[in-house]
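Peer 1: Handing you a structure now.
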Amino acid sequence: MNPYVLTILLSSLGLGTVLTFASSHWLLAWMGLEINTLAIIPIMAQQHHPRAIEATTKYFLTQATAAAMILFASTTNAWLVGEWEIHQLTHPLATTTAMLALALKLGLAPVHFWLPEVLQGLELTAGLILSTWQKLAPFALMIQVAPTINSSLLIAIGLLSTLVGGWGGLNQTQLRKILAYSSIAHLGWMVLILQFAPSLTLLSLSMYIVMTSSTFLALKANNSLTINTLATSWTKSPTLAALTALVLLSLGGLPPLSGFMPKWLILQELTKQELPLPATLAAMTALLSLYFYLRLCYALTLTIYPNTLTATAPWRLNFTMITLPLSIVTILALGLLPLTPAVTTMLAL
């Protein structure tokens, strides 16, 4: 893609998200979401592959539907209550419609069906943007709308997402689909705690972005798209393979890695709010997700691929990928757990 065109598209992506962050009026927020959607579509379709075009079309249709629902919810609220402010979304019909629209934008269960299919058709870089940056604007709106939404609805969506995210990833062999289900499960954890501790939701979102970025960049460095190709990683780059396995375990939420921190704090907060049943169910669904992360780790580090590699040894080639971002996010994805006391102090302020 032409660098000038790519610069314009990435700037528009940033503009759309910042516009949604800064807006207090529903129309401005809707406009930011639309700019965001229109900016990422050429980035998704740049491969000119039938799968990429199909994924882009599916993405456009779902995002357009969600945007129309947001517009409908805000107009309904303005008609019934007389307010266009995001914080003044008070009518039950408007709040429920807006919540479902934002769930569709993010890919939360039960409106998650588009996410694995879309992510499977994309190149890893476009998939990384879709899994991280594109979650920010809808989450900003969801955090603002959350106080007026029925807490039972939020808990139900959160638990269903963690269950679907764990269950759906069990039978997959394609890494991008596994990461899509991982995304659904992590977003479920965030929605579960959204009404009780929004700061914890932001912490979980930032940790999720760090760990997912690390995973996508590692897979891009290894050029792996399926579990079978992942099995050749150890031969090509043992250090990167070992670190990727640790990042996957961090995504699963195992101590002493960074991914344990948000899950631990969320379960603690749910227990404080006297919600032991959702906390127990969420912890049990996390085991489902952990199974497929362990499966990936097994393929990555404990299997030796049966065929000898006939290609030129990778260390004899010039490595063109920039490794600094991968190094930074991998360090963050593995080593932030000791900062938990500082994080809890900051959240308490």
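Heads up, the Cβ atoms here are built off N, Cα and C, so glycines get one too.
As annotated in TrEMBL:
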type	residues	note
DOMAIN	23-288	domain 'NADH:quinone oxidoreductase/Mrp antiporter transmembrane'
TRANSMEM	60-81	transmembrane segment
TRANSMEM	93-115	transmembrane segment
TRANSMEM	139-166	transmembrane segment
TRANSMEM	178-196	transmembrane segment
TRANSMEM	202-219	transmembrane segment
TRANSMEM	240-261	transmembrane segment
TRANSMEM	281-305	transmembrane segment
DOMAIN	290-343	domain 'NADH dehydrogenase subunit 2 C-terminal'
TRANSMEM	317-339	transmembrane segment
Peer 1: Within the domain 'NADH dehydrogenase subunit 2 C-terminal' (290-343), what mean pLDDT does the predicted structure show?
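Peer 2: Its mean pLDDT is 78.
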Peer 1: Grab the same-chain neighbours of the transmembrane segment (202-219) for me: Cβ-Cβ under 8 Å, and only residues 6 or more beyond its ends, written as numbers and ranges.
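Peer 2: Residues packing against the transmembrane segment (202-219) from afar: 124-125, 127-128, 131-132, 135-136, 139, 143, 175, 179, 182-183, 186-187, 189-190, 193, 225, 230, 240, 243-244, 247-248, 250-251, 258-259, 261-262, 265-266, 325-326, 329-330, 332-333, 336, 343, 347.
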